[in-house]
Amino acid sequence: MPDTSKRIYIFDTTLRDGEQSPGVSLNVEEKLKIAHQLARLGVDVIEAGFPIASPGDFEAVRAIAREVEGPVIAGLARINDRDIDRAWEALQEARRPRIHVFIATSDIHLKYKLRMTREEVLAAVRKGVARAKSYCQDVEFSPEDASRSDIDFLCQVLAAAIESGATVLNIPDTVGYATPAEFGHLIAEIRRRVPGIEKVQISVHCHNDLGLAVANSLAAIENGALQVEGAINGIGERAGNTALEELVMALYTRRDYYGCHTAIVTEEIYRTSKLVSSLTGMPVQYNKAIVGKNAFAHEAGIHQDGVLKERTTYEIMNPTMIGVVQSNIVLGKHSGRHALRSRLEELGFKLNEAELDKAFARFKELADRKKEISDRDLEAIVEHEVKQIPEKFALEHIHISTGNRVVPTATIGLRVGEELKEEAACGEGPVDAAFKAIDKITRIPVCLKSYTLNAVTGGKDAVGEVTVKVEYAGRVFIGRGISTDVLEASARAYVNAINKVVYEIGEENLQVLEA
Ligand code: KIV
Ligand code: ZN
């Protein structure tokens with residue numbers, strides 16, 4: 001048995017750096033849902049947001065701090081009084097709060113962005129860390145762009161942060177520039193040169209611009225880092241952050257080499273990845289390590305033969321370890337409510353009676369059109385259509401006439417309270433026609449920003465999963481819909497996005513177009 005006594009702490013920044021991914025915008029409830037799932041996953045720290053950034057960010061950090069038990073809850077702040085005070089305001093009800101302060105240390109950032117001298121940065125670090133410490137015992141300090149900073153100055157800044165009370169020093173490779181050997185060496189040098197370093201925890205935060213974030217984080221661990229920051233599915237600024245599921249499974253699968261362990265409940269990885277992808281609207285690439293659709297798929301005959309004879313010939317991890325559940329029971333149109341409930345429970349979904357009713361109704365509709373309902377179909381039903389916000393508008397019927405020689409026309413029926421409203425419209429294509437007909441009923445002037453269509457499973461009767469992003473009053477809302485008919489899935493997704501606008505903006509604040 002390898003010695004795995006060294007513990008690595010996992011700091012999740014899906015809700016902060018991850019949410020900075022272009023096009024991603026989560027509301028407070030969605031952030032809470034993800035935070036609860038991260039707690040089930042067993043992360044040590046949840047960076048819940050950047051409280052000064054917006055009232056929405058502030059509210060989300062405050063709600064997570066109040067509600068989520070288990071992990072440390074961190075909030076980000078630039079190293080100035082206003083940011084730090086606001087971060088503390090949001091965090092103070094957390095059972096285990098942490099203020100995370102940062103300022104850049106590279107000459108390029110000092111000269112062009114901060115317009116500060118090194119002495120000014122040093123003074124700001126002393127003052128800011130001390131202020132954060134006056135509120136909160138647990139203070140993390142990050143010298144932004146550390147990997148491109150002058151090492152002597154970097155060490156001076158880190159020493160000042162320790163003297164002022166920092167408990168965690170986080171070394172970011174902000175622009176994903178470092179190579180593994182170089183980054184490992186940087187951590188080793190910091191450990192060798194910074195006075196007092198043995199009193200604090202060393203953390204790393206790597207970006208993936210060159211695809212090296214996980215490799216750099218592992219190199220840092222080999223050189224003494226004890227905390228790794230990252231995001232689920234590797235989302236984050238530009239090319240993203242260290243993909244936590246990859247890092248955790250690398251440490252576990254190669255525990256013989258790294259000699260470390262984490263507190264992650266690996267069986268929750270797959271579910272967390274699906275939840276984050278679904279709420280952020282960021283698909284997971286098929287060949288993504290650990291959580292991609294193809295991560296455990298064997299295509300070549302030789303490989304299939306090998307796996308059938310002995311799984312370990314071509315699989316270094318068992319998919320059940322990350323929570324991919326395999327079942328021999330096939331659900332179809334003759335399956336009852338009880339069978340659906342127990343399958344959903346096996347998949348980890350605990351629905352109340354009303355949610356189960358809704359799931360069962362959608363399951364029956366789908367089973368009428370599709371012979372076998374797969375686990376992925378069930379997950380899509382629950383994630384996209386059951387655990388939803390209140391529906392101001394509900395899709396009743398859709399009729400589309402289209403072809404290469406006709407003008408696409410859509411007739412849509414939406415239930416609005418007790419009333420059934422119907423409208424027809426022509427469009428550039430069938431989806432456009434459907435959305436225009438929906439707009440005529442809702443009269444909410446949303447602007448479609450993106451549209452994605454994916455097949456949930458393979459085959460001619462695959463369920464189509466549509467994600468749309470719409471903009472209203474400068475905010476982005478994500479809607480999702482599924483159906484074996486991709487036009488119906490599109491209409492469901494669009495109506496879902498509009499329902500979110502109504503729910504979040506509030507009916508009384510909506511500007512509705514004249515009829
Ligand atoms: O990439 C970065 O440098 C950051 C810091 C705020 C830690 O996200
Ligand atoms: Zn970052």
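Cβ atoms are placed via backbone N, Cα and C, with glycine included.
What TrEMBL records for 8-270 is domain 'Pyruvate carboxyltransferase'.
Counted within 10 Å of its Cβ, the other Cβ atoms near H205 (Mn(2+) binding site) come to 30, all protein chains included. Taken from TrEMBL, the feature Mn(2+) binding site applies to D17, H205, H207, N241.
The predicted model assigns the region 'Regulatory domain' (394-515) a mean pLDDT of 92. The region 'Regulatory domain' annotation in TrEMBL covers 394-515.
Each residue in T13, P172, T174, C206, N208, A213, E229, G230, A231, G236, E237, G240, T242 lies on the same chain as D17, H205, H207, N241 and has a C-beta within 8 Å of the C-beta centroid of that Mn(2+) site, without being one of the site residues.
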